[in-house]
Amino acid sequence: MRKKVTIVGAGNVGATAAHWIAAKELADVVLIDVVEGVPQGKALDLLQAMPIEKRDCTILGTNDYADTAGSDVVVITAGIPRKPGMSRDDLLMTNFKIMSDVVGKVVAQSPDTIIIVVSNPLDAMAQAAFKAAGFPRERVIGMAGVLDSARFRTFIAEELQVSVENVTAFVLGGHGDTMVPLSRYSTMAGIPITELIAPERLKELETRTANGGAEIVKHLKTGSAYYAPSAAAVEMVEAILKDKKKILPCAAYLQGEYGISGLYVGVPCKLGSKGLEKIIEIKLTAEEQAALQKSADSVKELCTVIGVA
Ligand SMILES: NC(=O)C1=CN([C@@H]2O[C@H](COP(=O)(O)OP(=O)(O)OC[C@H]3O[C@@H](n4cnc5c(N)ncnc54)[C@H](O)[C@@H]3O)[C@@H](O)[C@H]2O)C=CC1
Ligand SMILES: O=C([O-])CC(=O)C(=O)O
């Protein structure tokens, strides 16, 4: 039997995630939204691309959670995106209400599922989903680090004029201005980029990465990025469905790792069929640890506001 993935929110990120999943023939997809007609229309449109793409996946659009029953993975993208001049934190109250509404309905239909949270502000929304779901931390994971690292990798590959396949990078911390691009653990063909790019230039690439979301919002004006974010969420879905044991930076509920407790923050994680299978602890310098702590503090502030700290 094929795997089943539900995507909550049939907007830009959700519909594009459905597209990537179908294009990779990873699973049958259920696309659900509060707006009537939009998930149905997008799902049917995508389904009709399958003969052309030679992929056998069913794609169902719906407003009824009964259709999501027994999902292996649920990706939550429901929520408003930001517009120019806004920070992700400005979405907190609206998206917290949406998250609280959605998670209970998801869990009622798929009590054994693994939830991937995408809605912003990401780390606080992951924490809200974790508390609302009552699942173990292994089954509620936030997507941000894969996207932020992909942005960093894009800029590094461009700078060094090499294939993106040659570049690895890690971005830790919360998905906001305080995220922590870890140049020391980023490489080109195994060579630390700190040996290849001058410190001042590296700083510029780190800053561009941290502002990567805002750069796209500024261009789009009506919303935020969705091609790379949806591809990032689907990389996590694939790692879980295929039990790949893949190390990816994800927002995970820390219980003492990196000296942080009771909070979702981006760290290197091993993803497999059980969801979050391990948190990888890497040695940080005092400066990196302080930056991570600062980032965690800003996540905690948001969690306190919505009562999930
Ligand atoms: N974690 C990350 O790295 C990223 C997070 N995001 C976030 O993802 C979210 C979605 O972004 P887009 O898809 O661009 O927005 P969008 O506006 O295109 O789509 C959001 C969809 O959610 C739906 N929705 C609202 N309330 C709902 C509910 N109660 N149940 C089901 N569906 C509901 C809306 O009808 C809409 O179709 C935003 O909060 C955005 O900030 C976006 C990019 C990257
Ligand atoms: O910038 C935003 O609001 C959307 C997002 O999280 C990203 O693209 O990194």
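Glycine residues also receive a Cβ, built from the backbone N, Cα and C atoms like all the rest.
TrEMBL: automatically predicted annotations, no manual curation.
The domain 'Lactate/malate dehydrogenase N-terminal' feature in TrEMBL is assigned to 4-142. Here TrEMBL flags Gly9, Ala10, Gly11, Asn12, Val13, Gly14, Asp33, Asn95, Val118, Ser119, Asn120 as NAD(+) binding site. Per TrEMBL, substrate binding site is recorded for Arg82, Arg88, Asn120, Arg151. Positions annotated as domain 'Lactate/malate dehydrogenase C-terminal' by TrEMBL: 147-301. Look at TrEMBL and you will find His175 tagged as active site, proton acceptor.
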Give me the DSSP three-state residue breakdown of the domain 'Lactate/malate dehydrogenase N-terminal' (4-142), ordered helix, strand, coil.
67 helix, 25 strand, 47 coil
Give the residue from the recorded positions Arg82, Arg88, Arg151, His175 that has the most other Cβ atoms within 10 Å of its Cβ, counting over every protein chain displayed.
His175
Is any of Val13, Asp33, Asn120, Arg151 (binding-site residues) within Cβ reach of ligand 1, i.e. under 6 A, and which?
Val13, Asp33, Asn120
Roughly how many Å separate the Cα of Arg88 (substrate binding site) from that of Asp33 (NAD(+) binding site), to the nearest whole number?
21
What binding-site residues in Gly9, Arg88, Val118, Asn120 place CB under 6 Å from ligand 2?
Arg88, Asn120
Would you mind reading off the Cα separation of Arg151 (substrate binding site) from His175 (active site, proton acceptor), to the nearest angstrom?
13
Looking only at Gly9, Gly11, which of these binding-site residues has the biggest number of Cβ atoms within 10 Å around its Cβ?
Gly9
What is the separation, in Å, between the Cα atoms of the residue listed as 'active site, proton acceptor' and Val118 (NAD(+) binding site)?
11
Compute all pairwise C-alpha distances among Arg82, Arg88, Asn120, Arg151, the residues listed as binding substrate, and give the largest one in whole angstrom.
19
Where does the mean pLDDT land for the domain 'Lactate/malate dehydrogenase N-terminal' (4-142)?
98
Taking the Cα atoms as reference points, how far is Gly9 (NAD(+) binding site) from Arg82 (substrate binding site) in Å?
15
Which binding-site residues are spatial neighbours of Arg82 (substrate binding site) here, meaning Cα within 10 Å, out of Gly11, Val13, Asp33, Val118, Asn120?
Asn120
Using Cβ-Cβ distances, find the residues under 8 Å from Asn120 (NAD(+) binding site) that belong to the same chain and are at least 6 apart in sequence, listing them in sequence order.
Gly79, Pro81, Arg82, Arg88, Leu91, Asn95, His175
Rounded to a whole number, what is the top Cα to Cα distance in Å among the residues the record ties to NAD(+), namely Gly9, Ala10, Gly11, Asn12, Val13, Gly14, Asp33, Asn95, Val118, Ser119, Asn120?
17
Below 8 Å Cβ to Cβ and six or more residues apart, same chain only. Which residues does that give for Asp33 (NAD(+) binding site)?
Val8, Gly9, Ala10, Gly11, Gly14, Pro39, Gly61, Asn63, Ala78
